[in-house]
């Protein structure tokens, strides 16, 4: 199987989907690997480093001729022209956010594997490290944009406690998963007060136990509680993600209007559509805008801003799946590996993820029925 590692075109995206070390694992297993020129530069990997591990450096167009194209984020619209029948595209594709790309993949007969929907032992195994990074960075960005020169309230989120008692900021975090706890931990490290809004009762108990000795309040998620707590936020971070599907707009414009002027609002799951009515995707180079008096931060690829860290994390997670596909062929790998099967969102043009199908009102096919 010919495997290609392509350079990301998304603005500000410095990650690469495969490290030189992982290229060596593929070539040692007898697979041919081509790497687009400068694909790894943003993560600190030169073309020579890939060549030394057995890869061939190629152009953008040549890379897209491969049987298996390994990416970080969804293909750019300029890359749709390279799609070909039965080609496999791997990455954090977040297809629920764009019907256009789904329809193009269906038209051509592409197979799309989305790392964020791979579930192993009940957990989003590949997404978790990226969620952790996004959560931590969101807390930092909240502090940064709280400063007056960025349009924020002009507050220091840590407060001041040398001979005075100026309280720190309040972070309200919507959701209680991996991204949420990582955001909370950074906020606590900054001496901020944290409120977590969570729906699941078991998770609420877990969070209460986890933060029993910390300045954290855990609140049951209801529309009424959300509306009440958001008013307290100096920084509001939404972490809600529904695997494979576009989430509902749970944070309404009226709720945003009720927030403090100059407060900061961040939606980590904006790459899947987001849960905030007033949010829209932004970029790492132009990350914020003001609406209803609130600073909105809508960067969909936050880990791309710290590529040296995040590339190592994602590459460690995806290589075993990629090797299995290459060694066995996709169909046998899907049959043998239930977790991998959950990542197949589109198989040869047929939608095989129920959340994705419902998001775009498309027909859904069970993956194991399709490949039999």
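Every residue, even glycine, has its Cβ placed from backbone N, Cα and C.
The active site feature in Swiss-Prot is assigned to 94; the stated evidence is sequence analysis. Taken from Swiss-Prot, the feature NAD(+) binding site applies to 170-200, supported by similarity to another entry.
Distance from the CA of residue 178 (NAD(+) binding site) to the CA of residue 94 (active site) is 18 Å. Neighbour density for residue 174 (NAD(+) binding site): within 10 A of its CB lie 28 other CB atoms from the protein chains shown. Following the DSSP three-state reduction, the secondary structure of residue 182 (NAD(+) binding site) is helix. The local packing around residue 190 (NAD(+) binding site), expressed as other Cβ atoms within 10 Å of its Cβ over all shown chains, amounts to 20.
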